[in-house]
Amino acid sequence: MAKMIPSLVSLILIGLVAIASAAVIFEERFDDGWENRWVKSEWKKDDNTAGEWKHTAGNWSGDANDKGIQTSEDYRFYAISAEFPEFSNKDKTLVFQFSVKHEQKLDCGGGYMKLLSGDVDQKKFGGDTPYSIMFGPDICGYSTKKVHAILTYNEANHLIKKDVPCETDQLTHVYTFILRPDATYSILIDNVEKQTGSLYSDWDLLPPKKIKDPSAKKPEDWDEQEYISDPEDKKPDGYDDIPKEIPDTDSKKPEDWDDEEDGEWTAPTIPNPEYMGEWKPKQIKNPNYKGKWEAPLIDNPDFKDDPELYVFPKLKYVGLELWQVKSGSLFDNVLICDDPDYAKKLADETWGKLKDAEKAAFDEAEKKNEEEESKDAPAESDAEDEPEDDEGGDDSDSESKAEETKSVDSEETSEKDATAHDEL
């Protein structure tokens, strides 16, 4: 037992050293002084559509002192960024993580963040500013509820080809993107892996390694017909003599039928139960079937591997650039590092520690809202006691027309919102 104790101590020390050696490139918890580290962009200020950020813990939280930054104005563009020492992830794991809470029942707006490279004029940072990585949730209507993972390669933005659903409730969630030197990646939500794979297969960063041989031709004797008619199956004798319809033997000539005036009476016809339709031989498996022919794959002459496909050599800024129809998205605990374990630890210490208390605060807020709404709603007895007269009817018609107008305006606004979102 005594011999085991030093070994156990050694393992603990090794673990502590590993954590201590984790390189934290950028970590922001939005405590006091955060405004000195972040630059608010002047993008969209000239046309008065730039939104203001609010430093707050939100309307419900697990800790009122644990604040982030929140969008505060509807129908606004938001842009803010922070600089960190230039960093390359060559031969290192890149971890990009942050938390976001959509308090506003978000129906159209982004919740993603960006990593930028090179030199950027932060005062002009906006939708047209080139970025290296864009990652995080995006919601717009019923069709878009996903996690973006967009990588820039050779000055082109490439979207992930896999679908990664995002969270859509009004609570805080942690989004993590991990990019490794072996060109593999993982996407986590609340410390749970939701997607993983390779840069080679899940983005179209490079031409495919293999392509179909354009010179290949299908052999003339290649049989793609899976089923054939049974040559042993023969049509029964007299099959074609079976009529499709037969006289209805149960029908009787009407008593008032006059052959001289009405003509000779004939019984109506009914479908013949013995009629089987056009005869066709039964189908059997084709013994010569070879399957659907496909051209063989060959090496793509246009493919050139890039061993540094995963590398972003001059990462220098992290930013938020959003369009929001309804404001209320709150961002916090932004992390850029090279150690997934440290990122998990940070998420556990922040989101994990407070999520139950936040859920309780949210439930309490919802309960209060329901109580307030029930107080404002007219009692049924009061509604029944109200006199019904012509003037009341006119008012009702006016209110109905007003509501119809609001509905039309709302539909038109939703269409405009979706259009603005798609243009981002």
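Residue numbering: from 1, along the chain as shown.
Just so you know, glycine gets a Cβ as well, placed from its N, Cα and C.
Counting every protein chain shown, the Cβ of Y131 (alpha-D-glucoside binding site) has 20 other Cβ atoms within 10 Å. What Swiss-Prot records for Y112, K114, Y131, D138, E321 is alpha-D-glucoside binding site, and it gives similarity to another entry as the kind of evidence.
The feature compositional bias 'Basic and acidic residues' is assigned by Swiss-Prot to 210-220 (among others). Residues 293-300 of the same chain sit 6 or more residues outside the compositional bias 'Basic and acidic residues' (210-220) yet have a Cβ under 8 Å from a Cβ within it.
For 221-230 (among others), the entry in Swiss-Prot reads compositional bias 'Acidic residues'. Sorting the compositional bias 'Acidic residues' (221-230) by DSSP state (H, G, I as helix; E, B as strand; all else coil) yields 0 helix, 3 strand, 7 coil.
Positions annotated as compositional bias 'Basic and acidic residues' by Swiss-Prot: 231-255 (among others).
For the compositional bias 'Basic and acidic residues' (362-378), the number of residues in each DSSP class (helix H, G, I; strand E, B; coil) is 15 helix, 0 strand, 2 coil. The annotation compositional bias 'Basic and acidic residues' is assigned in Swiss-Prot to 362-378 (among others).
The compositional bias 'Acidic residues' feature in Swiss-Prot is assigned to 379-397 (among others).
According to Swiss-Prot, the feature compositional bias 'Basic and acidic residues' maps to 398-424 (among others).
Annotation comment: Swiss-Prot describes 194-259 as region '4 X approximate repeats'.
The feature region 'Disordered' is assigned by Swiss-Prot to 210-279 (among others).
What Swiss-Prot lists as region 'Disordered' is 362-424 (among others).
For the repeat '1-1' (194-205), the model's pLDDT averages out at 96. Sequence annotations record features per position, and here Swiss-Prot assigns repeat '1-1' to 194-205.
Within the same chain, residues 265, 267-270 sit at least 6 positions outside the repeat '1-4' (248-259) and bring their C-beta atoms closer than 8 Å to a C-beta of that stretch. The feature repeat '1-4' is assigned by Swiss-Prot to 248-259.
If you look up Swiss-Prot, you'll see 263-273 marked as repeat '2-1'.
The motif 'Prevents secretion from ER' feature in Swiss-Prot is assigned to 421-424; the stated evidence is sequence analysis.
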Inset, instruction - For each of the binding-site residues (D138, E321), count the other CB atoms lying within 10 A of its CB, then report the residue with the highest count. - result: E321
Legend entry - Spatial neighbours, same chain, of K114 (alpha-D-glucoside binding site) - Cβ under 8 Å, 6+ residues apart: Y131, S132, I133, M134, F135, V318, G319, L320, E321
Inset, instruction - Find the longest CA to CA distance in the recorded alpha-D-glucoside-binding set Y112, K114, Y131, D138, E321; express it in Å as a whole number. - result: 17
Inset, instruction - For the recorded alpha-D-glucoside site, enumerate neighbouring residues of the same chain (Cβ within 8 Å of the Cβ centroid of Y112, K114, Y131, D138, E321, site residues themselves excluded), in sequence order. - result: G110, M113, M134, F135, G136, H148, I150, G319, L320, L322
Legend entry - Same chain, 6+ residues apart, C-beta under 8 Å of the C-beta of Y112 (alpha-D-glucoside binding site), given in sequence order: M134, F135, G136, P137, D138, H148, L322
Inset, instruction - By DSSP assignment, list the helix, strand and coil residue numbers for the repeat '2-1' (263-273), in that order. - result: 0 helix, 3 strand, 8 coil
